[in-house]
Amino acid sequence: MTAVNNSVRNTARLMGAGLRALLVLTVVCGVLYPLAVTGVAQAAFPGRANGSEVSSHGKVVGSSLIGQRYDKGKDKQGNPVPDLKYFQPRPSAGLGSNRANGVNPRYDLQVSGASNLGATNTDLVKAVKERKQWVAETYGVPASKVPADAVTSSGSGLDPDISPAYARLQADRVAKENHLPADRVRRLVEDHTDGRTLGFMGEPRVNVLELNVALRDLTRGQGG
Amino acid sequence: MSPALAGVLQLTALAAALVLAYRPLGDYMAAVYGAPRHLRVEKVLYRCIGANPDAEMRWPAYLRGVLAFSAAGVLLLYLLQRVQGGLPLSLGFASISPDQAFNTAASFVTNTNWQSYSGEQAMGHVVQTAGLAVQNFVSAATGMAVAVALVRGFARSRTGELGNFWADLVRGTVRVLVPIAVLGALVLVACGAVQNFSGIHEVGQFMGGVQQTNGGAVASQEAIKELGTNGGGYFNANSAHPFENPNAFSNLFEIFLILVIPFALTRTFGKMVGNVKQGYAILATMAAVWLGFTALMMWSEFAHGGPALQAAGAAMEGKETRFGVGSSAIFSVATTLTSTGAVDAFHSSFTAFGGGLQLLGMMLGEIAPGGVGSGLYGMLVMAVIAVFLAGLMVGRTPEYLGKKIGTREIKLAACYLLITPTLVLGFTAASMVLPDALGSMLNTKALGAGPHGFSEVLYAFTSGANNNGSAFAGLNANTPWYNTTIGLAMLLGRFLPMVFVLALAGSLAEQQPVPETAGTLRTEKPLFAGLLVGTILIVTGLTYFPALALGPLAEGLS
């Protein structure tokens, strides 16, 4: 009996120690650490710590890190119609709202995520071919010239960038829609093309929001 | 510059950074775990815990400490999620259902970070920051503590004592993880990762209107998520989300954080056993597997096999423009060869061969370089097996680091190795015969019966039992069956191996050292590293080949 009592008492004492250890480490790692990092981050990098918001004429028009849609309403089936006056982002499987799945319906939250379709998935094959045809027809280029990022959705569904190839491909049509000289829009794309970081990290890219903000300034005669 | 060349240069830069950090960090950790003195803040913590940090523990006591601490972790994290709806700062999110709360608690306490929820629409500030992120620290510190106890088993003789769990836990957290995480988090904020407590707020949009987005303590969680090889994202898209991983530099930096402690621990090991060359042999084994896997992954992803990727022209489905194919390939290998499971590109959309590599990486037991702590002890168990095999081949009593590898040690090592395959193959097989479980596969429609669908399930249990946490996310894992079975796989796959590791450590620590003779196997030589690589590949191959043949191999060949 004493042995059993002892083992119960020892287990209880041990669990108590485990719980106390967790609580004090929660204070260190779950309260002090995030507060300290937030304090320094807010003091040193307020713009970045708060989501890298982009303003145009005193109005916030989004975050330079988060992709957006550039649509002009919806068609009869309820599908969004891209506004070809603006540069279009990558197709997105994740850009959407939580309303669709009924979680936390009081919000209209941005939801991130990928298609998760495999390389042999027939739905994905079909989607890629359809998107390719759409890009080729819309922008008047041969299908072989359509870059991969134009026909695939990203990992986050919020990819803020497109490849320089996809931006260049859209330039002439965008110029025509805005009654701008094609050269001017092409130069705008070149100006907004970022190379690899330090010449070798990641891939060259064009930030779609920043490009469209510059484009809108240009059409309003306020750009350089 | 071609994308492939840029990929190779990124890998080279990453390897160079890891080499630079290797000695200072490894030596520092050896000093931390061997230090005779306690910091003032540590003394306060020990007083709160009510533990004497100088009391030596034999292996059963050490194990009891690990289990008691982890049980408290599961309990508290479960309760925190169950009462979320009533907590302040919960952003109005509801409490989590019992099966999902159990799954998530098991997931974060076991260093797995499998997520059957979507972060930005399920977890408020308190659960994320004071619950999930805390386990990111302490589950990593627990893994390191167990690894250090095993190393002490090799280093010590004629004693059964392995150190003090509370001291190892607190030191690993306070002196190793927290300082690096603070620096890492600030680097990530400087790149653009968000760090605020604004919660759900509205941001104006270019075409007019507003979008509601979820902010939070993202950078601070991201840093420890990678550093502690945890992997649970603040957002559903994990490290593909621009607020978690804003640019190409932050991407490489996060891969560096994933790998830096697991690699440097081999230096700590060498220091603690008094022969850094023994650490180099282990390091060489890990590095060879890691580089080999990365090379194969890059080759496969740049070749972009599979009809959808062929039609697209590159393997960009599920990948971000700013990272591209090369950098995403490096990330996916680092995350599956460690116990991290964070993703910057979605594994389900990789080429069939690439997906097979991710699976195989986890099946190796995540030892190249593996999770923080768990990678080192997993590799040392493999080394014990390799020494035994070498002994059989030349007909000599096997020894490793001056300790005899006898019947008891081999039994413990063999038990360690059998746990994960049993869990993975058992649960996968069960899921294949249950109609409810089958209905969760996203890719079942593809190609008849769907080898990709089988891969999704195999991947889920491999990820869970190996405490990785990444997913072929096509699988809808938020069902009672998967929440419960994956939760069990995670708990058993984490703590049963620890039982055998600590028992092995105790057994080794009791031995008398065997003097080195001309006949001793030179375990610090390249020949042994080669033997170790061979052992790892053979053991894993024999265990998992049939399952791999039904999934990724069938998909890749069809």
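Yeah, the Cβs are placed from backbone N, Cα and C, and that goes for glycine too.
These come from TrEMBL:
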- B:61-80: transmembrane segment (TRANSMEM)
- B:176-197: transmembrane segment (TRANSMEM)
- B:248-268: transmembrane segment (TRANSMEM)
- B:280-299: transmembrane segment (TRANSMEM)
- B:376-394: transmembrane segment (TRANSMEM)
- B:415-434: transmembrane segment (TRANSMEM)
- B:486-506: transmembrane segment (TRANSMEM)
- B:527-549: transmembrane segment (TRANSMEM)
(message) Which residues of the chain, 6 or more past the ends of the transmembrane segment (B:486-506), have a CB below 8 A from one of its CBs?
(response) 58-60, 62-63, 66-67, 70, 74, 99, 102-103, 106-107, 109-112, 114, 116, 146, 149-150, 152-153, 160, 162, 374, 377-378, 381, 384, 409, 412-413, 415-416, 419-420, 423-424, 427, 460-461, 464-467, 477
(request) Report, as numbers and ranges, every residue of the chain located at least six residues beyond the transmembrane segment (B:280-299) whose Cβ falls under 8 Å of a Cβ in that stretch; write 'none' if there are none. (result) 4, 7-8, 11, 15, 22, 259, 262-263, 266-267, 269-270, 325-326, 329-330, 332-334, 337, 353-354, 357, 360-361, 364, 367-370, 375-376, 379-380, 383, 523-526, 528-529, 532-533, 536
(message) Can you work out which residues elsewhere in the same chain, 6+ from the ends of the transmembrane segment (B:176-197), have a Cβ less than 8 Å from its Cβ atoms?
(response) 28-29, 32, 89, 125, 137, 140-141, 144, 215-220, 222-224, 226-228, 242-247, 249-250, 253-254, 257, 260-261
(message) Is the transmembrane segment (B:527-549) in contact with the transmembrane segment (B:376-394), using at least 3 Cβ pairs under 8 Å (sequence separation of 6 or more) as the test?
(response) yes
(request) State, in range form, which of B:61-80, B:248-268, B:527-549 has the highest count of Cβ pairs under 8 Å to the transmembrane segment (B:415-434). (result) B:527-549
(message) Under 8 Å between C-beta atoms and at least six residues away from its ends: which parts of the chain pack against the transmembrane segment (B:527-549)?
(response) 281-282, 284-285, 288-289, 356, 359-360, 363-365, 367-368, 379, 382-383, 385-386, 389-390, 417, 421, 424-425, 428, 458, 521
(message) Under 8 Å between C-beta atoms and at least six residues away from its ends: which parts of the chain pack against the transmembrane segment (B:248-268)?
(response) 10, 13-14, 17-18, 21-23, 25-27, 29-30, 33, 140, 144, 147-148, 151, 176, 180, 184, 187-188, 191-193, 222-223, 226-227, 229, 239, 276, 279-280, 282-283, 286-287, 290, 322-323, 327, 330-331, 334-335, 338, 340, 342, 344, 369-373, 375-376
